[in-house]
């Protein structure tokens, strides 16, 4: 497998790419996970919120791949207490433990980030999760955890692709300083949502130069940034292509071209957002003036 593993701050090694189950319906999940494992994914990511842990568990139950060769991540999404949630997740997944258990976001802690992390440490101590971490946490959130943590978060799973890279860079630098791995979800979003045509052109140009697909270039960009990408697909050929992308190497110049195009796309989106907000504000003022005129008339 061309994707190299990452060494976590607790000494364990995590596969360098993950297959996410978000967006897959419960009934479809077993087949999708079977396919992912077949093409070479050894890292499966799910969550309480996805409502498909039982489907993931069904696939894991009959795969020929040994449990020791699979890395399974799930997340506490706040639907019940952490002690209850981890037990329910393990039952659905048909596992004695998960390799990684994450807090899905800071909002579900109800503001008690410190107390919530202590409950996660209890899950770790009980052996129900071999590693623990967070998702969608800010620098301030991480500072609060690190101040009281006896067990550091090993990862922070965040939205990451070239369009958001510039604004996310301070968080990435803070995480690197504290040896917290960045897992990046939606790494291919710029190719899907049509909001960054300039970036897409740059990526397509590099893909043509490398003799690969644009998806492979963005996956290789994540790797070049030291980020573990979490991606997904129901298409076997496309999923296999994500595994193959581990062998794509970008030059420093390639990475810089993508960074610059991502920053330009972000700037354009920001200006559009401000113009839209301004337009709404002007529209509201016109409506108020019009209503005032009607009253006076």
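Positions of Cβ are set from backbone N, Cα and C atoms, glycine also.
According to TrEMBL, the domain 'NADP-dependent oxidoreductase' annotation covers 32-261. Looking just at the domain 'NADP-dependent oxidoreductase' (32-261), the mean pLDDT is 97.
What TrEMBL records for 50 is active site, proton donor.
For residue 75 (site 'Lowers pKa of active site Tyr'), other Cβ atoms within 10 Å of its Cβ number 27. Per TrEMBL, site 'Lowers pKa of active site Tyr' is recorded for 75.
As annotated by TrEMBL, substrate binding site applies to 104. Take the CB of residue 104 (substrate binding site) and look out to 10 A: across all protein chains shown you find 21 other CB atoms.
Calculated from their C-alpha atoms, the gap between residue 104 (substrate binding site) and residue 75 (site 'Lowers pKa of active site Tyr') amounts to 6 Å. The Cβ of residue 50 (active site, proton donor) has 22 neighbouring Cβ atoms from other residues within 10 Å, across all protein chains displayed. Straight-line distance linking the Cα atoms of residue 75 (site 'Lowers pKa of active site Tyr') and residue 50 (active site, proton donor), rounded to a whole number, equals 9 Å.
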